[in-house]
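Pulled from Swiss-Prot:
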TOPO_DOM  1-14  topological domain 'Mitochondrial intermembrane'
TRANSMEM  15-45  transmembrane segment
TOPO_DOM  46-59  topological domain 'Mitochondrial matrix'
TRANSMEM  60-87  transmembrane segment
TOPO_DOM  88-228  topological domain 'Mitochondrial intermembrane'
BINDING   HIS162, CYS197, CYS201, MET208  Cu cation A1 binding site
BINDING   CYS197, GLU199, CYS201, HIS205  Cu cation A2 binding site
BINDING   GLU199  Mg(2+) binding site
Amino acid sequence: MPHASQLSLQEAMGPTMEEVIFLHDHVLLLTCLMTMVITMFTLTATTTALTHNDPTEEVEQLEAAWTVAPIMILILTALPSVRSLYLMEEVFNPYLTIKATGHQWYWNYEYSDGVKISFDSYMIQTKDLQNGSPRLLEVDHRMVMPAGLQTRVVVTAEDVLHSWTIPSLGVKVDAVPGRLNQLPLATSRVGVFYGQCSEICGANHSFMPIAMEATPLHHFEQWLISEQ
């Protein structure tokens with residue numbers, strides 16, 4: 001969960017966010033190395049006799065270097081990116097499917113694998129919050145899923161564009177009216193994870209939070225029974 005004055009990414013709570021952080025660190029390292037090399041060459045060229053060389057002189061080694069180097073950098077950036085994109089999109093034998101539908105300005109969740117459960121999830125007003133509950137993030141009815149098992153979330157919208165997002169899990173998918181988008185969702189631990197609609201969708205866009213609770217499997221099965 002984010003906190004005040006936070007400069008870093010949120011702690012990874014699932015395999016998708018771990019991939020996102022790895023890719024971020026990988027690209028950041030390449031960027032720092034490129035910056036150092038370019039700075040070194042710039043300082044060298046402006047402070048040594050290299051600046052007095054004939055600019056029309058052909059230097060085949062340099063031409064080869066500034067052709068091959070960018071290609072290698074792009075390859076080193078692209079390969080991890082493609083891997084991460086694949087893992088973020090592919091769903092492997094999900095234990096459960098949940099449909100999330102965006103409305104102005106709340107979410108509806110529907111469970112249909114062997115059960116028929118549907119409920120709306122509204123933000124709790126500040127004056128009604130319990131002590132310790134996060135402001136503008138807590139809802140009256142959380143989405144619940146089993147921890148440690150992959151869940152498929154199918155996302156759509158009823159009226160305008162929305163976006164279903166939980167930063168600590170590294171997931172963000174657009175909710176488009178008339179279209180179904182899916183994403184794999186898994187957590188590495190039990191807990192409550194918060195997000196918000198990340199697509200401007202009207203006057204109350206800022207008051208459309210997402211709260212997902214990951215519980216042990218036996219607790220989740222008990223919750224399913226209680227909701228029927």
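Glycine is treated like the rest: Cβ placed from N, Cα and C.
In sequence order, GLY102, TRP105, VAL160, LEU161, HIS162, SER163, SER198, ILE200, GLY202, MET208 are the same-chain residues whose CB sits within 8 A of the CB centroid of CYS197, GLU199, CYS201, HIS205, the residues recorded for Cu cation A2 being left out. Among the binding-site residues CYS197, CYS201, MET208, the residue whose Cβ has the fewest other Cβ atoms within 10 Å is CYS201. Excluding the listed site residues HIS162, CYS197, CYS201, MET208, the same chain places GLY102, GLN104, TRP105, SER163, ALA175, GLN196, SER198, GLU199, GLY202, HIS205 with Cβ atoms within 8 Å of the centre of the Cu cation A1 site Cβ atoms. Across the topological domain 'Mitochondrial intermembrane' (88-228), DSSP assigns 22 helix, 61 strand, 58 coil. Its Cβ placed at the centre, HIS162 (Cu cation A1 binding site) has 30 other Cβ atoms within 10 Å. Around HIS205 (Cu cation A2 binding site), the same-chain residues six or more apart in sequence whose CB sits under 8 Å from its CB are TRP105, CYS197, GLU199, listed in sequence order. Here the topological domain 'Mitochondrial intermembrane' (1-14) has Cβ contacts under 8 Å with residues 20-21, 24, 134, 167-170, 185-189, 191, 193-194 of the same chain, all six or more residues outside its ends. Of all Cβ atoms in the shown protein chains, 18 besides its own fall within 10 Å of the Cβ of GLU199 (Cu cation A2 binding site). Within the model, the topological domain 'Mitochondrial matrix' (46-59) shows a mean pLDDT value of 62, rounded to a whole number.
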